[in-house]
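K.L.:
Below, the features straight out of TrEMBL:
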- 6-27: transmembrane segment (TRANSMEM)
- 39-57: transmembrane segment (TRANSMEM)
- 69-87: transmembrane segment (TRANSMEM)
- 120-136: transmembrane segment (TRANSMEM)
- 156-176: transmembrane segment (TRANSMEM)
- 188-207: transmembrane segment (TRANSMEM)
- 219-240: transmembrane segment (TRANSMEM)
- 252-270: transmembrane segment (TRANSMEM)
Amino acid sequence: MDSQVIVALALSLVGGLSTSLGALLVILSGAPSLKMLGLLQGFAAGLMLSISFFDLAHNAINSIGFLKGNLWFFAGIIFFAVVVTFIPEPQIAPASEGKRKKENGDEGEKDMMKKHRRQVFYSGIVTAIGISLHNLPEGMAVFLGSLKGLRVGLNLAFAIALHNIPEGVAVALPVYFATQSKWEAFKLATLSGFAEPLGVVVVAYLFPSSLNPEILEGLLGAVGGVMAFLTLHEMLPLAFDYAGQKQAVKAVFFGMAFMSASLYFLQISLPEDMSL
């Protein structure tokens, strides 16, 4: 069992560290303009919504039933809504206030940009939390796949690695824009990927034989609710503010289509009796 855990940890690291590759794509291309940031935030919101509705909530409803799945999903929404009320959230200044400040000269413009960066950084933090929660069951799946054989584990790790690149982009992009620090963006995206080997440790050592599948599916459904809430509450408003409603909505649907294709690729890589 110990050797299987080591193999699973190595494979999950390959998959998890692909978030670092997504971060590299961001920091090598440079910090985007506000409009480009809005489009990319819309794209990232589409990724998160697709994971939430088409993966986590969908699997919970199929596994434990429509009523229980929805109860867990909305429990996650309520939980995170309560948490957000205790987190100090920077507010963007209204457009009219921004115009007045711009008329006052460079000082007002710099102050406005600082508020933009604070809000975007907050968005990056909650995105990293959501991606980390989503990566936990992927690590569990890599461990279970490795138990079936090295070929299954390798195929699954490779599929997850491709799947995690846009997630690394979603985490690193707002952090890089807000801090102008390549290291901070890379570090946070990489840390979100480390949730995958953590998933291996959890399923291998904490719940070796007593992991209740119904509770697990319910918790993952709740994670879907958390991700849906933070996407609609944090990421979409930024996308609308910076890119405009029409362009942001297009970016959201493009992100959803991209992640749906990625989830499909993951699904066909799994054995028939396994699912993420």
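Cβ from N, Cα, C; glycine included.
A TrEMBL annotation is a machine prediction, not a hand-curated record.
Help me understand the surroundings of these features in the structure.
P.N.:
Same-chain neighbours of the transmembrane segment (6-27): 131, 135, 138-139, 142-143, 146-147, 150, 153-154, 156-158, 160-173, 176, 182, 185-186, 188-190, 192-197, 199-201, 204, counting only residues six or more beyond its ends whose CB sits under 8 Å from a CB of the stretch.
The list of residues near the transmembrane segment (39-57) in space but at least 6 beyond its ends in sequence, with Cβ under 8 angstroms from a Cβ of it, reads 32, 69, 73, 123, 127, 130-131, 134, 166-167, 169-170, 173-174, 220-221, 223-225, 227-228, 230-231, 235-236, 238-239, 242-243, 247-260, 263, 276.
Long-range contacts of the transmembrane segment (69-87) within the same chain: residues 57, 60-63, 122, 217-219, 221-226, 228-230, 233, each at least 6 residues beyond the stretch ends and with a Cβ under 8 Å from a Cβ of the stretch.
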K.L.:
By Cβ distance under 8 Å, which residues at least 6 away from the ends of the transmembrane segment (120-136) in the same chain are close to it?
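P.N.:
Residues packing against the transmembrane segment (120-136) from afar: 16, 19, 37, 41, 44, 48, 51, 55-56, 87, 89-90, 164, 167, 170-175, 177-179, 188-189, 191-193, 195-196, 198-199, 202, 223, 226-227, 230-231, 234-235, 238.
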